[in-house]
Amino acid sequence: MDLVAALTGYGQATRHIQIDTAMPGAFVVERFHGREGINESFRFEIDVLSSEPFLDLAPLIGSAVRLRLATGAGERCWNGYVTHAAYAENDGEFTRYRLTMESWLALLQLRRNCLYFVDLDAEGICERVFGDYPEAHRRYELVEPLRTFRLRGQYRETDLDFVLRQLSEAGLSFRIEHGQDAGKAPGDHTVVVFDRHARLPDGSAIAFNAQDVGDPDGVMTRFSDRRQLVPDRVVATSWKASELHALAGQAQQPADAQAPVLPVREIYDGQRAGRFDTSADAQRYAEQRLDALQLAKRIHHGAGSSRTLEIGRVHTLNDYLGATVRFVPLSIEHEAVNNLGAQIGALFGRGELEKGLYRNRFVAVPEGTPIVPPFRDRPTVHGVQTAIVVGEPGGRVSSTRDHQVRIQFPWMRGIAPLRGGLTDTASRSNPAGHAPGDHRSGILVRVAEQAAGPNFGHAFAPRVGAEVVIGFESGNIDAPVVLGQVYGGQVRPPFAAGEGSDANHSGTLTGLQTQTLDGQPGSRWVMDDAAGQLRHELNNSTAGTRLAQGYLIDQQGTMRGTYRGEGFELATQGWGVVRAGAGVLVSSTARPLGASTQMDVAERVEQLKEAVKTAQELDKAATGAQAVGLSANAAQSDFLKAIDPAQDGRFTGSAGGQSATKPNGTQRDGGDPVERFATPAVLMESPENIVVTTPDSAVSYAAQHVHVTSHGDAHVGAGATVAAATGDAMSLYSVAGGLKAIAGEGPVSVAAHASTMEILADQTVRVTSTDERVDVLAQDAIVLQQGPNRITLKGGDIIVETPGQFAVKSGGHPFPGPRAASVKLPALPVLPQGDPCDFLVQALAASPAGRGAVASGGSAASAAVTGATSSIGGAAVSGAGGAAVAAQAIASASNQPMSTPALPSQPVAPTGSAAARVSAVPVDPAATKMSIDPASANGALPREPELGHSAPAPLSGELDGMPKSGAAGSSGPCNLHVPPLKQLEYQPDMGVVDYYETDAKGRPVLEKREPILLHFSGSTGMYDIEYTPATATLTATVRLRVVLMDQHEYTNGRLLVDRKTGQPVSIPYDGDGPQDDAVVWQKVERSASSADLAGFKQRIENGLNRNHYYMQPKACPLGKNCTCKVKLKQEIEFVTTSGRFHKTISLFPMESRANSENWGEVQVTWDHEKKKATRDATQNAIIHEAGHHYGWPDEYFENQGTVYGAYINSQKLVDVKMPQLKDNWQRTSLTNLMGEGMFLAKPEIPKYYMYGFRDWFQEKTNIEWEVLK
């Protein structure tokens, strides 16, 4: 039969199956077989007939095509693109061709890429990929919010594999909907992405009949229900390194009713770290994986001839076993034969070609079954790669607190690839690529360290431009880790040696060399392993500072230099200091092989014992001879006790869990105790000489004693003058050998200014003048007496008294007339007039005693106290407490209050008329005695005061400026001198003085000095402020009445509801309101149990008090050592019931733009389109708003804040050229809490924020305070 004749008159209009291609009229469909399904691209194999045996098939490839199947109501269309076209067979007159039609997703299988996606969710990633395909028609039907991924990598994957993996990980499915309008161009189909909670569209109703009765729309001839046992529990866990926390989620399917009891069939998924950001992510993942596994629990299989059956729609099966079944097809296979007539059927021997045929078979699930794709695991990366560290333009270091850096791989394409890389990204949706070459590249990558732990470990931050070795956690391209850094190319090692280097060694240097940010040498650590010349050196280029040990040489760069010696050398061109809180031992006594222990000074302890013994013998001899004793001997004995291991100079108990004794033989313990200093002393010892020398001056000071003991001679030599001065008494005593005062030139003068001078001798007193004469002069009388004989020269008389013979022997006895001569006595210096306590107070204020130091071992502050003598109304006062009594007595005598209270009172036993003057001082009869002698000559203090044992407390003179009233001489810390202060509902005025009456150069502006900028519109707050002396704390408390609120969204009157929970969606508070006119946000109250007020309060207070500010008096004489410190503290008190409050706030669960009256517990970013809240990385906006309640104004003019109005000049122009205020509010700040710094992890809280509290306290105390940190 002639095929051409058989086909004559048969156009496509008469066929059940038709096809529209890029070659109209060229083909008639013979038959087709196709498959389509959820989460897969469809594929149809179509056999067509043509009378042309040599058709050029090239125009078909990639062209749009439409396959049409006739139905009872019209036709069913499938649209796609021709991906294959091939010649099948030919009999000379008739040719069969085979065409393959697929969706546009098949095009994604043809491109393989290496690409990073940053800060995108699954939808954003898919959009970035789909954007490169103009044919990609898509739509999203999502209910659940999508997780945003910090990094997603497509590494050597096809676009299709990558997209399917992203959808799978997000739990998203897709179906393909075909356009049914035959009037449109072919190829019209849409990929619809939906999640497990999305509502599926309704499909057709299908009749069930065991026999195909020829219904135009077909019937279902077979439908079965299959059930199988599947896992019923999924547990997912993953490690989150940034929180050192394992995030886990679990989901379990309840057992079916009347089902037998079976063990739990758990799938435990614990692979790779970093999969989840929150526990909610882990929980959602577990639920999605369980839904995917449960999909196979109940499956329907069916077959028939229904031409309206579509995947992803809810179809209704009628008359099945007397019931109605609703189901969703997951996949459908189609088979169809066209109606080509009897002749064609007979020609090919296939009867079905006469009338045509359509059959299908499918797999479905019951309606309501969550549809989740099976999990697709990602491909793994094998081995390591190298990358380059990138960062801020021009920067050298660009890392986070956790030593994370940004990297760029050589295969990354973009606007700034690595050298030799590609700028052409071959992408329409992302022409800029993913290689920016700076801080925008990829994500922050962790750096592996040799040791890393909480506040301990190595610290290595690769510099920008460094080549680093990258590994991948679990082979995951999304989880790169810097494993190390390599040299290569233009990067030269710091201690380069070997072939190609200029070093004079073969590689003996090992260590670390750092570099400053401007490329200069920084610090260096070197270990030199040269044979016989081992060396270890730490070097820093600042001030040429270095510490070298071992074989010392002068190293320059990679060169080993000249020999400098052996041992250790610590050198610097700057300042140097050695500090040790428990004591310092400087010793040149060798310990062979490091024997003994660290603080062993056994030889010197024995020498000190002899010194103590010698000093005690000399003291006994001196006091026996009525000379002044060595009162510092007690301090010397205390020092010996502190370093002697037989007394206090040893460890007691255990140290670090080990016995604090030296090993004894083969035993680990049981020997002598281990030595240590009991006090923080500095001990210098040597078996030979110790020399201290300087070409300039040397100063030594002791607030208590200077004790010098020598077993041999002690010599003091001076090229000029030797001067010794004491505030009290001086005694020189020699046990044997005499005492000489000889002046080689000039006079010898011994003077007693205010008392008697005595020259006593047990034997002869000889006064000799070898050259001239001896003058004995007196203002009143001269008395010479020997036994009972006395000669008195008084006035104009000479009286000779003797019980025996008076003989005058002379060669002559002339008696001229009377004559008188006046006597001119030398004048003695007079002490300066003034407050007798001035010297005492000033000395104590400058000494540790004045700062509250406690005298140890019963010793007294002799250098500061016992050296002071003062005249107090005819009374003599002695003892360490004498200063306090003296100050009180002066105050009483002058009837003037003391602004500088004296030392803590010492026990006093007043006598005579002085008793009333010291009655203001508490008396303790049991304490050390104090004598007051009215008969003492000129009221001078005795030269040997008895010393008390209590140390003075801090001088209240630190409170310079206190009101001159009240009782003087409190013995407590200075801040206790301020009484309790409190003011409720204090309203500070934080307006700022206008500093801008001059221009930037300090010149006046106009004749009237018109301000360049308008005055600051002062910000006011309200709080309670209270000073508590017991804790020395000034507390500012804001009392806020809290109204717990929530916010719901209505769109055109319809409430936004969470489809999963059925509850209204909580909308964050936003001062800007909704962005859509059709949207209304309605505020509603919420229960008290829904808010964590205690934790919220703690978070705010921690932020406000992070800097721990305090105040001290500006005029404190101790300067930075001042003990008077007042802590500053801000507190928030929430009032939820009745009670006094300063202001009312509404507290929402979340906020995206708060203000001073509307707060949120969590700071989020709200996506108005996706109705999704993302928690912000920082949560300091509420602390910023709390600052307003203390009167702190905004510090940003860009956003129309309070500061904006303060920086507008008279011409209504913003002046941004003026310098910032110094130590005052800033026009704008990127770091401060009240500026843009609120968005930082740790915003700066400058000290001028505290000035409102300081000014209040200053006004109340009449003291000028300064704020310190």
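Placed from the backbone N, Cα and C atoms, the Cβ positions cover glycine too.
Automatic prediction, not curation, is the source of TrEMBL annotations.
The structure displayed is predicted, hence computed values, not measured ones.
Taken from TrEMBL, the feature compositional bias 'Polar residues' applies to 657-667.
The annotation domain 'Gp5/Type VI secretion system Vgr protein OB-fold' is assigned in TrEMBL to 444-487. Beyond the ends of the domain 'Gp5/Type VI secretion system Vgr protein OB-fold' (444-487), by six or more residues, the same chain brings 149, 151-153, 155, 241, 271-274, 378-382, 384-392, 395-400, 402-407, 409, 493, 515 to within a C-beta distance below 8 angstroms of the stretch.
Residues annotated as domain 'Putative type VI secretion system Rhs element associated Vgr' in TrEMBL: 516-622.
For the domain 'DUF2345' (671-818), the model gives a mean pLDDT of 84. As annotated by TrEMBL, domain 'DUF2345' applies to 671-818.
What TrEMBL lists as region 'Disordered' is 646-674 (among others).
Marked as region 'Disordered' by TrEMBL: 935-956 (among others).
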DSSP residue counts for the domain 'Putative type VI secretion system Rhs element associated Vgr' (516-622), split into helix, strand and coil: 27 helix, 39 strand, 41 coil
Helix, strand and coil residues within the domain 'Gp5/Type VI secretion system Vgr protein OB-fold' (444-487) as assigned by DSSP: 3 helix, 20 strand, 21 coil
Within the domain 'DUF2345' (671-818), residues counted as helix, strand or coil by DSSP: 0 helix, 24 strand, 124 coil
